[in-house]
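For reference, the structure discussed in these notes is given below.
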Amino acid sequence: MTTYDPSQKSLGKEKLSRIPVKIEATHTPLRKPDWIRIRLSTDSKVSQLKKLLRENHLVTVCEEASCPNLNECFGHGTATFMIMGDKCTRRCSFCDVGHGRPDPLDPEEPVNLANTVSIMSLRYVVITSVDRDDLRDGGAQHYAQCINAVREKNPGIKVEVLVPDFRGRMEKALDQLAQGLPDVFNHNIETAPRLYKQARPGADYPWSLALLQTFKKRFPGIPTKSGMMLGLGETREEVEMVMRDLRQHEVDRLTLGQYLQPTRYHMPVDRYVTPQEFQELGELAKKLGFSNVASGPLVRSSYHADLQAQGERVS
């Protein structure tokens with residue numbers, strides 16, 4: 001019997017063996033429909049970007065979360081940087097990022113990130129992270145340091161953050177983040193509250209809504225953003241309810257995308273939402289008052305985030 005070592009990164013079956021609602025391994029997954037087409041690329045830019053990231057000791061959520069758009073985005077020289085390591089303190093059953101006891105923060109990471117952004121000549125960058133429940137501020141100060149370093153090295157750049165929930169430390173985290181504010185504040189609601197215990201153990205639906213609204217009230221000039229994965233078992237009514245909840249909590253921008261099971265040990269895909277339904281939900285979101293909406297099978301919260309920020313249609 002293998003002894004559990006919390007300092008090592010656990011994935012898949014090992015990671016999900018300790019969540020409160022057990023998930024049976026999928027033996028006959030749903031067949032992917034024709035509209036789920038992963039964009040492959042043999043572009044040398046992909047390998048060059050991976051080399052650059054490794055040289056600067058950086059991690060991307062694109063790689064760690066097995067994003068279906070990785071080759072497309074890397075081929076265009078864009079990436080969503082994941083700071084504070086590659087070991088998350090949570091065990092979300094939809095997510096492919098590894099779980100474990102995180103390593104100490106790298107004090108060189110802000111500078112390495114800023115230099116990499118400069119080399120890539122980015123004008124819009126997305127910064128996200130693992131959950132760091134081991135830190136008193138959830139890593140918010142490190143976020144601010146990264147944002148400030150990126151801006152100092154890259155004048156005129158726009159910075160979007162996709163943050164964890166800072167559960168139990170919201171005010172402290174926002175106090176720290178105030179020292180280096182982003183241009184867009186994103187926190188994903190992910191799914192309907194009924195599915196939280198299974199999909200997001202350790203998270204809390206009302207808390208996530210409160211984080212988004214509290215940030216907006218403290219910094220009203222900064223757009224707030226959130227996203228949902230569809231196909232986890234939610235109903236159409238639940239999706240519409242979540243969208244209304246987000247608007248009631250002053251969220252400005254919304255992304256809707258199809259959930260894709262990373263491994264057979266993760267939550268299974270309950271259904272593949274049709275492009276037509278994504279279009280209908282996107283139109284409803286606009287009617288509800290979201291200023292920017294990206295809704296489509298392969299949409300992810302940071303997919304073409306620069307175009308999303310400009311209000312262009314992304315699907």
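The backbone N, Cα and C atoms fix where each Cβ goes, glycine too.
Source: prediction; values computed, not measured.
A simple way to gauge crowding: the CB of S302 ([4Fe-4S] cluster 1 binding site) has 28 other CB atoms within 10 angstroms, across all the protein chains here. Annotation source Swiss-Prot lists [4Fe-4S] cluster 1 binding site at C62, C67, C73, S302, citing sequence analysis.
The [4Fe-4S] cluster 2 binding site annotation in Swiss-Prot covers C88, C92, C95 and is backed by sequence analysis. The local packing around C95 ([4Fe-4S] cluster 2 binding site), expressed as other Cβ atoms within 10 Å of its Cβ over all shown chains, amounts to 24.
The feature domain 'Radical SAM core' is assigned by Swiss-Prot to 73-291, with sequence analysis given as support.
When the Cα atoms are compared, C92 ([4Fe-4S] cluster 2 binding site) and S302 ([4Fe-4S] cluster 1 binding site) turn out to be 19 Å apart. Those same-chain residues not listed among C88, C92, C95 yet with C-beta within 8 angstroms of the centroid of the [4Fe-4S] cluster 2 site C-beta atoms are R90, R91, F94, D96, V97, H99, V130, D131. Spacing of C88 ([4Fe-4S] cluster 2 binding site) relative to S302 ([4Fe-4S] cluster 1 binding site) is 19 Å (Cα to Cα, whole number). A distance of 15 Å separates the Cα atom of C95 ([4Fe-4S] cluster 2 binding site) from that of S302 ([4Fe-4S] cluster 1 binding site).
A coil conformation is recorded for C92 ([4Fe-4S] cluster 2 binding site) in the three-state DSSP classification, outside any helix or strand.
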